[in-house]
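Below is one structure, written out as structure tokens, with a few remarks after it.
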Amino acid sequence: MAIIYLILLFTAVRGDQICIGYHANNSTEKVDTNLERNVTVTHAKDILEKTHNGKLCKLNGIPPLELGDCSIAGWLLGNPECDRLLSVPEWSYIMEKENPRDGLCYPGSFNDYEELKHLLSSVKHFEKVKILPKDRWTQHTTTGGSRACAVSGNPSFFRNMVWLTKEGSDYPVAKGSYNNTSGEQMLIIWGVHHPIDETEQRTLYQNVGTYVSVGTSTLNKRSTPEIATRPKVNGQGGRMEFSWTLLDMWDTINFESTGNLIAPEYGFKISKRGSSGIMKTEGTLENCETKCQTPLGAINTTLPFHNVHPLTIGECPKYVKSEKLVLATGLRNVPQIESRGLFGAIAGFIEGGWQGMVDGWYGYHHSNDQGSGYAADKESTQKAFDGITNKVNSVIEKMNTQFEAVGKEFGNLERRLENLNKRMEDGFLDVWTYNAELLVLMENERTLDFHDSNVKNLYDKVRMQLRDNVKELGNGCFEFYHKCDDECMNSVKNGTYDYPKYEEESKLNRNEIKGVKLSSMGVYQILAIYATVAGSLSLAIMMAGISFWMCSNGSLQCRICI
């Protein structure tokens, strides 16, 4: 009877409640932190772009220079198969095949070719300027050509160069100069012919022991032809060696030769500089536009990182080798479990989130005689939202020193340098990737701790208002010692709770409940003593009965000695 009375009493005195909690939803988004892996959160943002469209596009409305079957050398020298490239508009980047067919039609080499390609990564337009017209070489033949560069079966030559040979039986010293008054630097290319034997040397130049001299304010280069027997390429045993230089504004370049000079007819004024590059690709230009191009395809994204390809041109995210970079923006997603009550362990004592609270990250659940309901705490939610909104920008700012993997090419004699360069670039990218991943892990840890702290702060804010007018239930909830209607609940939520107004009522109810607890302790003590005595007596009677039965059937002998 006493137990029933206590149950009814405690049911009757259960007061109104208000609980502090946080948002939960059906999200399956997972993030990693320094300490945990695959933490489910309510909201997250993937900051790694993994896709491309597989197309080569215009970059910011400007098409690339599509070389087709021509190489960089074939374009600049003027291979007859590259006539469509004799005049090209501004380009955004250059598309070159891996092994273009039309390069040096007359076999030979191009000195510092890789450096020339690197120069093109900062050039967006050349203006072709005639610097040494053919008709200025009045004492030499300027119609030299070769079947290696044939057009329609007839011998021809590089369109931008002039092959000077003897006029009749004489090859006087050839001299030419050009003063760069264009207002920009100018790319100038020239060449030296290396015959197969002395007979060819005399046939073309009359002189033996010739030289080619080129000079500027910063360049002094003198070359002599190397006569040697070589295997034929494109039907030619001779070779042509091309060189280049950048002629500064107001500087002059001077040519002097007694034979074997391949003179430039045109130079290339660098009329526009900017971020460009050479895309090694077998693809063709498609009808599309982008702000970021890779050899694999265009990237159209606002994300700060990508893992598509290390070589990019345009306004591109930063390249990392990572497979996953996800930033937590929401809270740990721990939906409410009915059997465990309303809460779970986000702030150390709250056991689960509320899917019913959809208009904020943190808030309240109340219950009183007028009903129950959820309400978000707009102030703390807004502050948290403002703090996290700039998280992606913060990550970008911390990673603002982009390591740029530039596509470099190396000659056959520089393979060891190429391997070293590749290792260095791979090392830089590894470090860059590690930094990005570590930064994301740290930011995720901070975000989850930040949310945890905000819930705890909201709980403390309510606790400081209510003080001893409530009882802390230990699960994020407070039970009032006084009646708290909806107006009272709203005052708690907006921070205007009137503690003195309810102080006296709370004090009376608190003392009454304490009295019930004290009286109930006496009842429990009597019940405990009664249960102990009754249990001992029952055990003694049972033992006596067993002993009597065993004595009666002879299983137990009893001797009484006097």
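Note: Cβ is positioned from N, Cα and C throughout, glycine not excepted.
Noted in Swiss-Prot for the protein shown:
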- ASN25: N-linked glycosylation site (CARBOHYD)
- ASN26: N-linked glycosylation site (CARBOHYD)
- ASN38: N-linked glycosylation site (CARBOHYD)
- ASN179: N-linked glycosylation site (CARBOHYD)
- ASN180: N-linked glycosylation site (CARBOHYD)
- ASN300: N-linked glycosylation site (CARBOHYD)
- ASN494: N-linked glycosylation site (CARBOHYD)
- CYS551: S-palmitoyl cysteine (LIPID)
- CYS558: S-palmitoyl cysteine (LIPID)
- CYS561: S-palmitoyl cysteine (LIPID)
- 1-15: signal peptide (SIGNAL)
- 16-525: topological domain 'Extracellular' (TOPO_DOM)
- 547-562: topological domain 'Cytoplasmic' (TOPO_DOM)
Mind checking which of ASN25, ASN179, ASN180, ASN300 has the fewest other CB atoms within 10 A of its CB? They're the glycosylation sites.
ASN179
With ASN494 (N-linked glycosylation site) as the reference Cα, tell me which of the glycosylation sites ASN38, ASN180, ASN300 is the closest one.
ASN38
Return the residues near ASN26 (N-linked glycosylation site) by Cβ distance under 8 Å, restricted to its own chain and a separation of at least 6 in sequence.
PRO335, GLN355
Any same-chain residues 6+ apart from ASN38 (N-linked glycosylation site) with CB under 8 Å of its CB? Would you list them in sequence order, or say none?
LYS30, VAL31, ASP32
Out of the glycosylation sites ASN179, ASN180, ASN300, give me the one sitting nearest to ASN25 (N-linked glycosylation site) by CA distance.
ASN300
Hey, how far is ASN179 (N-linked glycosylation site) from ASN300 (N-linked glycosylation site), Cα to Cα, in Å?
45
Rounded Cα separation (Å) that holds between ASN300 (N-linked glycosylation site) and ASN180 (N-linked glycosylation site):
42
DSSP secondary structure for ASN300 (N-linked glycosylation site), reduced to helix/strand/coil, please.
coil
Secondary structure of ASN25 (N-linked glycosylation site) (DSSP, helix/strand/coil):
coil
Specify the count of other C-beta atoms within 10 Å of the C-beta of ASN494 (N-linked glycosylation site).
11
